[in-house]
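What Swiss-Prot says about this one:
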ACT_SITE  LYS37  active site, charge relay system
ACT_SITE  SER114  active site, charge relay system
ACT_SITE  SER138  active site, acyl-ester intermediate
Amino acid sequence: MENIIKSNPYSNALISTAENPQVAQSGALAGIALAVKDNICTNEMHTTCASGILETFTSPFDATVVDLLKQEGVSIVGKANLDEFGMGSDNANSWFGPVFNPLYPDEPHTPGGSSGGSAAAVAADMCHFALGTDTGGSVRYPAAQCSVIGLKPSYGLISRHGVIAYAQSLDTVGILTKDIDLLEKVFNILNKYDPLDPTSLTPHKRAKLKPPKPHRKLTFGLVKEYNIKGISENVKMAWSQIMDELIKMGHEVVTCSIPAIKNALPAYYAIAPAEASSNFARFDGIRYGSRAPEDRGEHGTLYAPTRQEYFGNEVKRRMWLGTWNLSTDAFNHDYIRSQKIRRILQEDFDEVFNRPNVLSGNEGQKANDEPGVDFIIAPTSNCAPYPLSKLNDSAPVDTYLNDVLTVPASLTGIPSLNIPWKTKQGNVGMQIMGQYGDDLGVMKVGRLLLDKCKELHQD
């Protein structure tokens, strides 16, 4: 709590804090402090989604992930700030004000988003780990910007029950921490089938997931399409250094191509807002949440004034975009076409990986004889955190490009782990991606690289 009192007034990482967090005497997580992203339901604190429309909303139940962690003795210290409803990548779109990156105390810098509060809370040692949600990069990108570890698990492994949906075919609950061992422990607690979540991977499918093989020579993919224009020299240097170190350790690095990556970002921004526009129909101020007094006016308006007053500009922008994508004029050209691109992207990734995809009808059999890879390593962000003042000089949609490196793993549902890689110019976020269900393998590689980075910088 001392670190919260010290750091939260500047960073604004936590929207609400527990007055007297309970400390359990037993359980795998006894004595461990947790911050929960404020779009994950808790029955003892408000769940606001950083939106005015839910400013006073308290859920009658805990999300499944919260319940599982409570059973293991975790202490919840607060609810973490975010971009409203998870829409954004700078954590500047919050009803409760922006989050400032605690690594830059002299000038407000972005912590990344949308789980910026979760990442900032971990970076400032307000908690041992935090829960976030990752729809298109919202755990990995802020983890990269705040120099912490962030996991987006395989879609369906961790329950979404009690997570207020943004885009249900993409939303995943992720974990942020500084400790790779704690990350694996929390993942194993949460990696359970949940009958309350219709998208939870069934026990039958889970039984097909193979554990990572014992230590052996691995093959890492260097995907050409991730080498996009605009990547800073420092990020390129970190990427190259990691690949060199893997070769020195006896592993193999091969160059490969996933052509559909170039279409991933526009496909994401057709699919995600379309799902959001449908999900957000429930926010009308009638059944729960804030309601504008004009809603009962003489003109008979029911909920338009409430949404106008309590939704932020970015939420309204994406709802308009999503509604358009589902309209008669755009449905076939934009939405259906984007779903086809998503399928092609999944097939392209399956062609690259050695392991089969248990979700594919052919069990992931490769259509060609080219050697596959075990893991893909690429940058999480193309540059270091920038001052929040920069947002004043850019168009709102310019920040959509922040997702360009993280969206492919979201569209395909594969696990992706951000780790901080130290360079002379500061830490760089690098992501490790594996085949669907190989989350433990991804964490194993993450531990390998974190140990190597520590070894290189012992002095």
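Cβ atoms here come from the backbone N, Cα and C positions, even for glycine.
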Cα distance (Å, whole number) from SER114 (active site, charge relay system) to SER138 (active site, acyl-ester intermediate): 5
Cβ-Cβ distance under 8 Å to SER114 (active site, charge relay system), same chain, at least six residues away: LEU82, ASP83, GLY86, MET87, GLY88, SER89, ASN91, GLY132, THR133, THR135, SER138, PRO142
Distant-in-sequence Cβ neighbours of LYS37 (active site, charge relay system), under 8 Å, six or more positions away: LYS79, ALA80, LEU82, SER115, GLY117, SER118, ALA130, LEU131, GLY132, THR133
SER114 (active site, charge relay system): secondary structure state under DSSP, collapsed to three categories: coil
Count of other CB atoms lying within 10 Å of the CB belonging to SER138 (active site, acyl-ester intermediate): 37
